[in-house]
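Novice: Annotation comment: TrEMBL describes 21-44, 64-84, 96-120, 126-146, 158-178, 190-213, 225-245, 251-269, 319-339, 390-409, 415-436, 485-513 (among others) as transmembrane segment. Taken from TrEMBL, the feature domain 'Major facilitator superfamily (MFS) profile' applies to 319-530.
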Amino acid sequence: KKKVNKKQQATEVEGNMESSKWIATVASIWIQCSCGASYAFGIYSSVLKSTQDYDQSTLDTVSVFKDIGANAGVLSGVLYSAVAARRSRSILGRPWVVHVAGAIQCFAGYFLMWLSVIGVIHRPPVPVMCFFMWMAAHAQTFFNTANVVTAVQNFPDYGGTIVGIMKGFLGLSGAILIQVYQTLFKGNPSIFILMLALLPTLISFLFMCLVRIYHVSSKDDKKYLNGFAMVALIIAAYLMILIILENVFTFPLWARILTFAVLLLLLTSPLRTAIKAQREDSWRSSQTLSIEKSLLIDTENHEFGEDMNMNLLQAMRTMNFWLLFVAMICGMGSGLATINNISQIGESLKYTTVETNTLVSLWSIWNFLGRFGAGYVSDIFLHKRGLARPLFMVLTLATMTAGHIVIASGFTGNLYIGSILVGVCYGSQWSLMPTITSEIFGVMHMGTIFNTIAAASPVGSYILSVRVIGYIYDKEAEGKGNSCYGTHCFMLSFFILASVSLFGFLVALILFFRTRRVYMLLLLKRLQHL
């Protein structure tokens, strides 16, 4: 009887652990929904410019530090590796330490910025304001690293899907934060800065202890991950409809409150999915008479990736690292350069303010679709067809090349079509790159490696946005009041961006051929696991 009781207790523990990863996923989703403040820069940039007496060039400089902070997250990866990746005997990692570091930076950066805007502290020098902006945006990398890397370790068989979900909600977070602002503080952008200091910090502190690592697999992982994916798609569709309506109609206060209440209701939906998963796992555990199979699965998951884990320095000595880095300079760099200049492109083509605002607002939706869709679809083809994930990077870079050519053509409506193509493909890079990193270099130091590769985004953006698009635009606008109108303003720039994306396509193609054997071994291991 004692042996039977021990087995039953062990089975109950396993069931609790297995279901807890679902609660951890919900907590990560909610934190991701609040930490994308860098995507809402356009809301408070005007008040920052006016109160600090900046010209456009100075504001752009501050914006560059936002991009650097939000994308160069090497420190967050190093911290995560130190506190979570090197596991002790306990299976619970400690990602909450990374969340705390992010929350402190988020609060400090935005709070000091807010104090500067409202005049409590004397107008700081531009380098100091750049530091405030960098620190505030840098917090995003800590939240993102803790959530994404933990999720990949909790769902090693469906890394593409879970990364797509996490990155997708991060992509939607800018639109979600703007909805909070428009409902509660519309017309007061300085208060919005204070909100950005408080809201992500509080949400992170509330849920960070739930974000843990659990090395237990379930047969129904895919089923419930699909449930989270459906919720993400519904929220994205709702936000898209809401953005379009808000740019066409003026909502009264009661309508804004109602639409916001519906959004909050939708954001609670992942919890219902997690509860269903927990109930089913608990029922299955109560029917189990032996835990030998679960112990075998736990061992396999622990060993999976251990034999190929590389640290950052080891990864940087490989050709695959630099191929991925260069491909991301071309893909992420050209995509970020596009969104940074999309308002000016619309202005040069004489789009109305409403049309331009709609274009900017909808970018977050296309970004989400790319982030979510690339991870989800690449998982399906990897499991069913054995297609290596870098192939999808090849396809997205080829499509991005076409998107830049469409924008360069300058015909009526082509900016909408081109922005959809570039936005979806840009988002895809953010989903594919972390997953490919974990599969080529291992999970142990994934946070450090993928955040180092992510630095390609601001590097590429600076080269293409400042040195290519900005330089050519200024040449075209010379002697015309620093303004340029017509297709010629950006045509050459985007043909250059198309060439850069095409080069990235060729680099990704080389990476695909070099890693086919890695993915064949990966697939064989997963088949053995099943």
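Using the three backbone atoms N, Cα and C, a Cβ is placed for every residue, glycine included.
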Novice: Between the transmembrane segment (251-269) and the transmembrane segment (390-409), are there three or more C-beta pairs closer than 8 Å, counting only pairs 6 or more apart along the chain?
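Specialist: Between the transmembrane segment (251-269) and the transmembrane segment (390-409), contact is absent.
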Novice: Taking only the residues in the domain 'Major facilitator superfamily (MFS) profile' (319-530), give me the average pLDDT of this model.
Specialist: 87
Novice: Please work out which recorded stretch in 21-44, 158-178, 190-213, 225-245, 390-409 has the most C-beta pairs separated by under 8 angstroms from the transmembrane segment (96-120)?
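Specialist: Comparing 21-44, 158-178, 190-213, 225-245, 390-409 against the transmembrane segment (96-120), the winner is 190-213.
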Novice: With Cβ-Cβ distances below 8 Å as the criterion, list the same-chain residues six or more beyond the ends of the transmembrane segment (126-146) that contact it, or say none.
Specialist: 28, 31-32, 35-38, 52, 54, 58, 61-63, 65-73, 75-77, 79-80, 84, 95-96, 98-99, 101-106, 108-110, 112-113, 116, 166, 170, 196-197, 200, 204, 208, 211, 447, 451, 454
Novice: Could you tell me whether the transmembrane segment (225-245) and the transmembrane segment (158-178) are in contact, taking contact to mean 3+ Cβ pairs under 8 Å with a sequence separation of 6 or more?
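Specialist: Answer yes: the transmembrane segment (158-178) meets the transmembrane segment (225-245) with 3 or more Cβ pairs below 8 Å.
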Novice: Cβ pairs under 8 Å only, please: of the recorded stretches 190-213, 225-245, 390-409, which one is richest in them relative to the transmembrane segment (21-44)?
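Specialist: Highest pair count goes to 190-213.
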